Amino acid sequence: MRLFLLLAFNALMLLETHGFTDETDRQALLQFKSQVSEDKRVVLSSWNHSFPLCNWKGVTCGRKNKRVTHLELGRLQLGGVISPSIGNLSFLVSLDLYENFFGGTIPQEVGQLSRLEYLDMGINYLRGPIPLGLYNCSRLLNLRLDSNRLGGSVPSELGSLTNLVQLNLYGNNMRGKLPTSLGNLTLLEQLALSHNNLEGEIPSDVAQLTQIWSLQLVANNFSGVFPPALYNLSSLKLLGIGYNHFSGRLRPDLGILLPNLLSFNMGGNYFTGSIPTTLSNISTLERLGMNENNLTGSIPTFGNVPNLKLLFLHTNSLGSDSSRDLEFLTSLTNCTQLETLGIGRNRLGGDLPISIANLSAKLVTLDLGGTLISGSIPYDIGNLINLQKLILDQNMLSGPLPTSLGKLLNLRYLSLFSNRLSGGIPAFIGNMTMLETLDLSNNGFEGIVPTSLGNCSHLLELWIGDNKLNGTIPLEIMKIQQLLRLDMSGNSLIGSLPQDIGALQNLGTLSLGDNKLSGKLPQTLGNCLTMESLFLEGNLFYGDIPDLKGLVGVKEVDLSNNDLSGSIPEYFASFSKLEYLNLSFNNLEGKVPVKGIFENATTVSIVGNNDLCGGIMGFQLKPCLSQAPSVVKKHSSRLKKVVIGVSVGITLLLLLFMASVTLIWLRKRKKNKETNNPTPSTLEVLHEKISYGDLRNATNGFSSSNMVGSGSFGTVYKALLLTEKKVVAVKVLNMQRRGAMKSFMAECESLKDIRHRNLVKLLTACSSIDFQGNEFRALIYEFMPNGSLDMWLHPEEVEEIHRPSRTLTLLERLNIAIDVASVLDYLHVHCHEPIAHCDLKPSNVLLDDDLTAHVSDFGLARLLLKFDEESFFNQLSSAGVRGTIGYAAPEYGVGGQPSINGDVYSFGILLLEMFTGKRPTNELFGGNFTLNSYTKSALPERILDIVDESILHIGLRVGFPVVECLTMVFEVGLRCCEESPMNRLATSIVVKELISIRERFFKASRTTWR
């Protein structure tokens, strides 16, 4: 009986204790929730008294005592601060707050969690020092505080956490020296301290970390010789000490002492001496980066490292300009996994061995530029079929380009400048349709510029200056719409500058100086709105300087040594970014402007124009004569003529006004008829119309197998027009749907008079009766073989048969965004009447063979100058102007009129979707948490957390330049999505910003991996 009472008493006490402690955990978590930002708190909606504590989201309890042991709240978009109440969860073993938006400091109360083994607060916005209380958590195995804003030094108390297996402080603002107490962490396997501001030498106590296999110290300010302690860590697999201030020589036996290395990055330091030959004995080695040091001597053979994928030795002083310097390349043919080889900017001599053609078929990057290599390019270079980047510039290579080079169809970057290459530029270059940069400048190429270069539709930079080329500038080059840089200077080109130069609206640099070009400068040159550098000096151009006032961003202009005449245009004075203007040695005359760049005689050269006058004193020109008396006398006689002319003009204007009023009245009488019947004025401008029967045959009876898409007003079919043997897209309208006829008319009216390379081309229309006597309407467009942008952004939602075989690269997305922005700018600004698309979204952006974007579906488009209030409300009643949920501007939801600002909003959403991979209607979003706020909350530190993962593929090194470019893209998107229409960017600015971003990205991609 006594035993029974004792057991009952103990059970009662246990229940009371359990009830008390369970409530403690509950209150601690509710207090934690109260400190979470209100807009993020919905994620924790289950945290209330209606749910059992152990069923709360992210909460795991112990089996016996039902105390909270695990709190897993990673990647839930939570914000606010971390409540000190977290310290009351005394049974907590694991706390995961990874990748949220928590700010403030880490509460000292975390130190009360004596059972804690796993703590992850990485990728937040935490600041301040690491709290000293944390070091009471003596059971900690994993401590991750990476990618925050933590400051102060690495505390010596860290050494008391002797059970630590992983310590990650990457990407903070830690300062000072490493404490010697780190040596106490003898169980440590991973230590990440990269991207901080740590300094000093690595303490010798690190040698005690005998279990460590990953040590990352990259991008700090560490100094001294290669840390001697590291030679003792034979278990190391991943070692990164790059981009510090280390110096001195490496031990010859490094490869013996560290035999298990998979990755070794020591680039960007000040190491001297030779590369230890023992490194080639590490059979497990996959990545070796010793670039950007002061290493000398020969390069050892790496034939015994079969798994080597990356070898970076560039930017050193390796080699001795001898014929044997390149012998090591032959041994690399054994490295069948090699993807990246960078050995440029060294002192390597000798002929380029033919063995490079036998390197790994997986090779993507080959950089031998900036050395002393001679000989010719091996004929079998075409064996490297996966090569994307080939850099052989600044050498002494000679001879013609081998024909097998034309087999490198994946090549994106070909740099051969400053060699002694000869022969003609081969036509097979045009087969390399993926090329983005082609640099053949400063060689001995001769003959004409091949027209096949026009096939390289992805080309961003074309450098063929300083050769011996002749002939005219091929018109085909003017079709490369994405071209940013075009340099043909220093040749013997003849003929005129093509009128089509204005089609290169993305052009930033045009350099055609020192040729034999002639004729007048085309007015279309003023259409190159993104021009920054214009060099046309040393030619035979004549006539007036054309209207270039659209080039408001230009920085350098050189028109010297030509035969130009007329006056100096005043608009040069208004160019705020103009830094250099050379108009010397022409036949210019008249008054020199005195404002803007003309206020400084050192930035403007106008010598050799004998009839110029005026200007500031620095030009030392003769003063301009005032009006001669004879001119004054003539003035009165001209006055009568002016008065008569003005009178006649006013009379004509009055007559024209009366005629216009009459015409408007007549058109209003015809309004109802025109609403329901396509008039000849609408359709006759299109090609010859096609019959219902022809379309039925072309689509196999409108078969479902021919269907390629559907929308609110109809279905799109792929069709083969037998008469023209041409594949087209046929949009058949659902005439039962209210508003279908208005959609048909709007699309015809919108597209009949507009032409732009990024608009889908409307070929013709069909207005007929089907075989059952029903009204039939269809629009026939050119067919886009690569489908819609929507398919590429969300392939998981597409049937496998239509699914793209790969994902879009970052550069391809930028190009598509520029295409779409360009067409909006055209519709909004450059059409005779502004047009608002009103339904811009990924499914309405179609892609052709080259992934050039074409905007489609103008069923909701509005010709804004023809807009009137009555028609707007008629359209609104049929849901016409509302566009698509998620993409439509907020003002449309409250009766706002269609506008170009509404299109800008839709474009902003489109841009965010393109780079996050998330639709605005994603289930993640709701209430005030939208795609906009999701993006805004990640700027600027957490960009990579929201970027579409498919962008971050193996071919893209995610470094600071890439992150910077992505940040700028998102900022443009957010500025387009401003709530107030008046605060949104103009499309012209959007185009300019995106092109500038693309240039930044392109410049970053020109440098090899670091």
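Glycine is no exception: its Cβ is also placed from the backbone N, Cα and C atoms.
When other Cβ atoms within 10 Å of the Cβ of VAL708 (ATP binding site) are tallied across all protein chains shown, the result is 17. Positions annotated as ATP binding site by Swiss-Prot: VAL708, GLY709, SER710, GLY711, SER712, PHE713, GLY714, THR715, VAL716, LYS731.
Look at Swiss-Prot and you will find 702-1002 tagged as domain 'Protein kinase', backed by sequence analysis.
Other Cβ atoms within 10 Å of the Cβ of ASN48 (N-linked glycosylation site) number 11 in total over all chains. Among the features that Swiss-Prot reports, N-linked glycosylation site is placed at ASN48 (among others).
In the three-state DSSP classification, ASN88 (N-linked glycosylation site) falls within a helix. Long-range Cβ proximity for ASN88 (N-linked glycosylation site), meaning a same-chain Cβ under 8 A and a gap of 6 or more residues, is found for THR24, ASP25, GLN27, ALA28, GLU109, GLN112. Sequence annotations record features per position, and here Swiss-Prot assigns N-linked glycosylation site to ASN88 (among others) based on sequence analysis.
The N-linked glycosylation site feature in Swiss-Prot is assigned to ASN136 (among others); the stated evidence is sequence analysis. A sphere of 10 angstroms centred on the C-beta of ASN136 (N-linked glycosylation site) encloses 18 other C-beta atoms.
In the three-state DSSP scheme, ASN232 (N-linked glycosylation site) falls into the helix class. The N-linked glycosylation site annotation in Swiss-Prot covers ASN232 (among others), and the record cites sequence analysis as its basis.
Secondary structure at ASN281 (N-linked glycosylation site), as computed by DSSP, is helix. Feature annotation from Swiss-Prot assigns N-linked glycosylation site to ASN281 (among others).
For ASN294 (among others), the entry in Swiss-Prot reads N-linked glycosylation site, with the evidence type sequence analysis. ASN294 (N-linked glycosylation site) falls within neither a helix nor a strand when secondary structure is assigned with DSSP, and so counts as coil. Packing around ASN294 (N-linked glycosylation site) is summarised by its Cβ count: 13 other Cβ atoms lie within 10 angstroms of its Cβ, all protein chains included.
Taken from Swiss-Prot, the feature N-linked glycosylation site covers ASN334 (among others). Just so you know, the Cβ of ASN334 (N-linked glycosylation site) picks up 17 other Cβ atoms within 10 Å once every protein chain is counted. Secondary structure from DSSP puts ASN334 (N-linked glycosylation site) in a helix.
Counted within 10 Å of its Cβ, the other Cβ atoms near ASN358 (N-linked glycosylation site) come to 17, all protein chains included. Following the DSSP three-state reduction, the secondary structure of ASN358 (N-linked glycosylation site) is helix. As annotated by Swiss-Prot, N-linked glycosylation site applies to ASN358 (among others), with the evidence given as sequence analysis.
Residues or ranges marked as N-linked glycosylation site by Swiss-Prot: ASN455 (among others). Counting every protein chain shown, the Cβ of ASN455 (N-linked glycosylation site) has 19 other Cβ atoms within 10 Å. Mapped onto three states, the DSSP output places ASN455 (N-linked glycosylation site) in helix.
Under the heading N-linked glycosylation site, Swiss-Prot lists ASN470 (among others), citing sequence analysis as support. Classification of ASN470 (N-linked glycosylation site) by DSSP places it within a strand. Around ASN470 (N-linked glycosylation site), the C-beta neighbours below 8 angstroms that are at least 6 residues distant in the chain are GLU446, GLY447, ILE448, ASN491, SER492, LEU493, ILE494.
Summarising the annotation, Swiss-Prot assigns N-linked glycosylation site to ASN582 (among others) and lists sequence analysis as the type of evidence. All protein chains considered, the CB of ASN582 (N-linked glycosylation site) has 18 other CB atoms within 10 Å. DSSP classifies ASN582 (N-linked glycosylation site) as strand under the three-state reduction.
When secondary structure is read from DSSP and collapsed to three states, ASN600 (N-linked glycosylation site) falls in the coil class. Residues or ranges marked as N-linked glycosylation site by Swiss-Prot on the basis of sequence analysis: ASN600 (among others).
The 10 Å shell around the Cβ of THR699 (phosphothreonine) contains 21 further Cβ atoms across the protein chains shown. If you look up Swiss-Prot, you'll see THR699 marked as phosphothreonine, on the strength of similarity to another entry.
For TYR781 (phosphotyrosine), the number of other Cβ atoms no farther than 10 Å from its own Cβ, over all displayed protein chains, is 21. The DSSP secondary structure for TYR781 (phosphotyrosine) is strand. As annotated by Swiss-Prot, phosphotyrosine applies to TYR781 (among others), with the evidence given as similarity to another entry.
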Fill in: For the repeat 'LRR 12' (361-384), distant same-chain residues with Cβ under 8 A (at least six beyond the ends)
314, 319, 321, 326, 336-354, 390-399, 401-408, 415, 421, 955, 1008-1009
Discussion item. Counting only residues 6 or more past its boundaries, what in the same chain has a CB within less than 8 Å of a CB in the repeat 'LRR 3' (139-161)?
Written reply: 98, 106, 114-130, 132, 167-185, 192-193, 198, 941-942
Worksheet, complete the sentence: Sequence-distant residues near the repeat 'LRR 20' (552-574) by C-beta distance (under 8 Å, 6 or more away from its ends) are 513, 521, 529-545, 580-598, 605-606, 608, 612, 992
Fill in: Close approaches to the repeat 'LRR 15' (433-455) from elsewhere in its chain (Cβ under 8 angstroms; 6 or more beyond its ends)
388, 393, 409-427, 461-477, 479-480, 487-488, 493, 811, 850, 1002, 1006
Worksheet entry | Mean of pLDDT values spanning the repeat 'LRR 11' (335-359) | 94
Worksheet item: With DSSP helix as H/G/I and strand as E/B, how many residues of the repeat 'LRR 14' (410-432) fall in helix, strand and coil?
Response: 5 helix, 8 strand, 10 coil
Worksheet item: In angstrom units, rounded to an integer, how far apart are the Cα atoms of SER710 (ATP binding site) and TYR781 (phosphotyrosine)?
Response: 15
Worksheet entry | Candidate with sparsest Cβ neighbourhood (10 Å radius) among TYR826, TYR887, the listed modified residues | TYR826
Discussion item. In the three-state scheme derived from DSSP, which category covers SER710 (ATP binding site)?
Written reply: strand
